[in-house]
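In what follows, a structure is listed as structure tokens, so that the remarks can point back to it.
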Amino acid sequence: MNLLLLLAVLCLGTALATPKFDQTFSAEWHQWKSTHRRLYGTNEEEWRRAIWEKNMRMIQLHNGEYSNGQHGFSMEMNAFGDMTNEEFRQVVNGYRHQKHKKGRLFQEPLMLKIPKSVDWREKGCVTPVKNQGQCGSCWAFSASGCLEGQMFLKTGKLISLSEQNLVDCSHAQGNQGCNGGLMDFAFQYIKENGGLDSEESYPYEAKDGSCKYRAEFAVANDTGFVDIPQQEKALMKAVATVGPISVAMDASHPSLQFYSSGIYYEPNCSSKNLDHGVLLVGYGYEGTDSNKNKYWLVKNSWGSEWGMEGYIKIAKDRDNHCGLATAASYPVVN
């Protein structure tokens, strides 16, 4: 082959392989990298920026539709911006739904007027939003948050509990640390172990480790757990009368990855395919009509910069949207 022709072919191949970036995004890209402390090699930077730009365009399109009234929630760029949705799901969604020993069944209270809105944060039984990092330990944060609330309601003291204790020590009950687990398995571990350490004594590391539980630092315990029937009405009664509740949801969608504010409704959200454990801390409605714009108030474990300072409102009474009522439970504290 002619040398000049060969060079031309090679140059053409290189040009086709190199992503073309939207220069109008350059300032935002560099600011995003600085904010989230991203350092890449040359080849990885090209790949990550291409992903970031694709996500940014998706967010802009959605928010344009939101402004026109086509959606009830907005989206924004966040720390997950350089991740594909597949990467995102593999890293942070660690709920592993499977058959397991059931707890006691929730007995719905009779002849009780249920309030139209509840927010357990106002009662002082919810700790600040935490961040699970790149570890599939959502189940541990959901379980610890639920037990934190029950212990507060019993003792009047709000103590942050150790997720790392659960990540490292509950393998015998069926959990797999950063590779996923179940809140009910965590409650079972706490019962069998005789306690759970405080966050202060056993801090979170966002990685698997050997069990370092020390009984002298245990500040919480449970005697089992209660499973709630798979209906939103029963879940509403449990939230109103029991406290924050551990729930699982379908968190697999880009719309949730970049959720910002408003009432989340994703047409493709499943009520059965659950992959993320969260903490349900209340419910309510937007506007003046309590029969419209209803939502569940959910505490996530992706840090306070995600969503509404770490929280999300999910559509309520819309056919168990995203599955919040499918696998709800709470620990029993005597």
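Each residue, glycine too, has its Cβ placed from N, Cα and C.
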Out of Asn221, Asn268, which one does Swiss-Prot list as N-linked glycosylation site?
-> Asn221
Could you pull the disulfide partner of Cys135 out of Cys169, Cys178, Cys211, going by Swiss-Prot?
-> Cys178
Of the candidates Cys125, Cys138, Cys211, which does Swiss-Prot name as forming a disulfide with Cys169?
-> Cys211
Cα of Asp275 (Zn(2+) 7 binding site) to Cα of Asp250 (Zn(2+) 5 binding site), in Å and rounded, measures 5
Among the recorded positions listed as Cys138, Asp184, Asn221, Asp250, the Cα nearest the Cα of Glu163 (Zn(2+) 2 binding site) belongs to Cys138
Near Glu205 (Zn(2+) 4 binding site), which recorded positions out of Glu122, Cys135, Cys138, Glu199, His276 have their CA within 10 Å?
-> Cys135
Spatial hits near Cys138 (active site) (Cα distance within 10 Å) out of the recorded positions Cys178, Asp184, Cys211, Asn300 come to Cys178, Asn300
Just how many other Cβ atoms lie inside 10 Å of the Cβ on Cys178 (disulfide bond)?
-> 20
Which three-state DSSP class does Asp227 (Zn(2+) 3 binding site) fall into?
-> strand
State the Cα to Cα distance, in Å, between Glu199 (Zn(2+) 2 binding site) and Asp227 (Zn(2+) 3 binding site), rounded to an integer.
-> 26
